[in-house]
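Marked as domain 'EamA 1' by Swiss-Prot on the basis of sequence analysis: 6-144. Among the features that Swiss-Prot reports, domain 'EamA 2' is placed at 162-294. What Swiss-Prot records for 7-27, 34-54, 68-88, 101-121, 129-149, 158-178, 202-222, 224-244, 253-273, 276-296 is transmembrane segment, and it gives sequence analysis as the kind of evidence.
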Amino acid sequence: MDNHIKGALLVCLAATMWGFDGIALTPRLFSLHVPFVVFILHLLPLILMSILFGKEEVKNIKKLQKNDLFFFFCVALFGGCLGTLCIVKALFLVNFKHLTVVTLLQKLQPIFAIILARLLLKEKLKRAYLFWGFLALLGGYLLTFEFHLPEFVSSDNLLPASLYSLLAAFSFGSATVFGKRILKSASFRTALYLRYLMTSCIMFVIVTFTSGFGDFLVATAGNWLIFVIIALTTGSGAILLYYFGLRYITAKVATMCELCFPISSVVFDYLINGNVLSPVQIASAILMIISIIKISKLN
């Protein structure tokens, strides 16, 4: 098989796995506390990676500068902790009714990344960014509320869930910006291991002072099975597939392949939960995704 085709298929597979996770896996952990869920979602992959290559990566981590470690901490704090806390909370709030909306709103992440890159990294902002950024935000609003005001559609926790999803997109976008500062400091494997290590440590502190660890006794066998499936597939497994695929394709091709995420989210939500987007929501999702693609090409 041609390497370009292989790379595209791997990115498509990773994006589809993330879509399946947001619809079918993580929402079914709703009986547990959110901080505990996020902690375990990072701890299990960390344990697996520690067994496979932990000793080698600890040596690589010791070689990093303090400045690099600070930015790694920021990536773990925003991308690993805050972003994941917000998106898991959003998925739990909607009670399987608006999962597609919550997952699709994450696609606004590049908007926040571009804004933060302008503010923090002083990167130039083209006028076209503003145009497509506005259309993306408009599409996100119509996807969530259609032609209504937020207060009129606040049933089913859609409004707070949407806000949590947007905050997650902002947090993931922040992690992307901070990640730009450390791309040349470590390999992807080292960066992935350190991110999960720091996130697990931060979440341990958060769980200690919030929900506690009582969920270890409350979690059912089904909960632990979902945790293991996520750890091996849609968690670190999907990330590895994604970046392995990126080695063989361009960023523009990857952007198109990532459309498997929203498409699979819609399909899985229909097949598993019986939820269907309205015509207005479908049109809004298309507008938002096209705008994000345009922004990615500009970038």
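Positions of Cβ are set from backbone N, Cα and C atoms, glycine also.
Only sequence-distant pairs (6 or more apart) were considered; of these, fewer than three Cβ pairs between the transmembrane segment (224-244) and the transmembrane segment (276-296) are under 8 A, so the stretches are not in contact. The transmembrane segment (7-27) makes no contact with the transmembrane segment (158-178), as judged by fewer than three Cβ pairs under 8 Å among residues 6 or more apart in sequence. Using a cut-off of 8 Å between Cβ atoms, the transmembrane segment (129-149) and the transmembrane segment (34-54) share fewer than three residue pairs, counting only pairs 6 or more apart in sequence. Counted over residue pairs separated by six or more positions, the transmembrane segment (34-54) shares fewer than 3 Cβ pairs under 8 angstroms with the transmembrane segment (253-273), which leaves the two as not touching. Stretch with the most C-beta contacts under 8 angstroms to the transmembrane segment (253-273), considering only 68-88, 101-121, 158-178, 202-222: 101-121. Contact check: the transmembrane segment (101-121) against the transmembrane segment (276-296) gives at least three Cβ pairs closer than 8 Å, residues 6 or more apart, which meets the contact criterion.
Relative to the transmembrane segment (158-178), the listed stretch 68-88 leads the set 68-88, 202-222, 276-296 in CB pairs under 8 A. Proximity of distant same-chain residues to the transmembrane segment (276-296), defined by a Cβ-Cβ separation under 8 Å and at least 6 residues beyond the stretch ends, is recorded for 100-101, 104, 107-108, 110-111, 114, 128-129, 132-133, 135-136, 138-143, 146-147, 251-252, 255-256, 259, 262, 266, 270.
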